[in-house]
Structure formats: C-alpha cells, structure tokens
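The [3Fe-4S] cluster binding site annotation in TrEMBL covers 46, 52, 94. The [4Fe-4S] cluster binding site annotation in TrEMBL covers 56, 84, 87, 90. As annotated by TrEMBL, compositional bias 'Basic and acidic residues' applies to 9-19. Look at TrEMBL and you will find 37-66, 75-104 tagged as domain '4Fe-4S ferredoxin-type'. Feature annotation from TrEMBL assigns region 'Disordered' to 1-24.
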Ligand code: SF4
C-alpha cells in the first residue's frame, strides 16, 4: 500500500517531531503515522531502503530511530523538507511508495 497523497484531508496533525509534522493515527511502536507535509514519508510503509537519502540532491532526509516498528527500526525522516526542490527523485526511487512530494502543501511547521 502506497502513501495516501490526500493525507492532509484524511488525517489529523497530532504532533511535531524531529522538526516536521506528524499525521496520525500514532500508536508507537507499531503505528508511527506520516511525517512531513511538503515532503511526506509514511513511516508505517518505510522499510529503510535508503535510496531517498542517497539520491536526494539537497539532503532532505535524515535517519531517525524507530525501535520496535515491524517494517524497520530506522526511518527516513524529511527533516529538511524546506530545502526540497521538487525533483521527485525520492518518489521515483522508493521501492514501497512511502513518499509523496507536493509543493502545494504547507511544508515545515
Ligand atoms: S523531491 Fe527531490 S529534492 Fe525533494 S525531497 Fe525528494 S529527492 Fe529531495
């Protein structure tokens, strides 16, 4: 299942962590929600492949620890989403479609 590109309408913003918005529901360690707004990563789909970290030309992503999550115990957090240049490389390379980028969304909070 891919990230829901309409998460802004379908989810509630419940928190801020590592500098980006958290879109619920969140029930750690199994359910971590979607992180970021302009650049959004569904932490419950991310399996820590790392292609987004390697390919992003402006280093938007940073690893964060998510111990106990069933898919992976680290996740690619869009910490620097305000630097995104909308090249869409991360969207293309993610093997599980965990990332959605939309310059029309609000971005960093
Ligand atoms: S769209 Fe491009 S610049 Fe933006 S986060 Fe993805 S790889 Fe980085």
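In case you wondered, yes, glycine gets a Cβ from its N, Cα and C as well.
Automatic prediction, not curation, is the source of TrEMBL annotations.
Model, not experiment: these values are computed from the prediction.
All features noted in TrEMBL, drawn onto the structure.
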{"residue": "46", "record": "[3Fe-4S] cluster binding site", "DSSP (3 states)": "coil"}
{"residue": "52", "record": "[3Fe-4S] cluster binding site", "DSSP (3 states)": "helix"}
{"residue": "84", "record": "[4Fe-4S] cluster binding site", "DSSP (3 states)": "coil"}
{"residue": "90", "record": "[4Fe-4S] cluster binding site", "DSSP (3 states)": "helix"}
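Look at the compositional bias 'Basic and acidic residues' (9-19): DSSP puts its residues at 2 helix, 5 strand, 4 coil. The distance from the Cα of residue 87 ([4Fe-4S] cluster binding site) to the Cα of residue 52 ([3Fe-4S] cluster binding site) comes to 12 Å.
Across the structure, residue 56 ([4Fe-4S] cluster binding site) and residue 94 ([3Fe-4S] cluster binding site) place their CA atoms 11 angstrom apart. Other than the site residues 46, 52, 94, same-chain residues with C-beta atoms no more than 8 angstroms from the centre of those residues' C-beta atoms, the [3Fe-4S] cluster site, are 41, 49, 51, 61, 76, 90, 93, 95, 96, 98, 99. Long-range Cβ contacts of residue 84 ([4Fe-4S] cluster binding site) within its own chain (separation 6+, distance under 8 Å): 38, 39, 58, 60, 78, 101, 103.
Its Cβ placed at the centre, residue 87 ([4Fe-4S] cluster binding site) has 13 other Cβ atoms within 10 Å.
Model confidence over the domain '4Fe-4S ferredoxin-type' (75-104) stands at 97, taken as the mean pLDDT rounded to a whole number.
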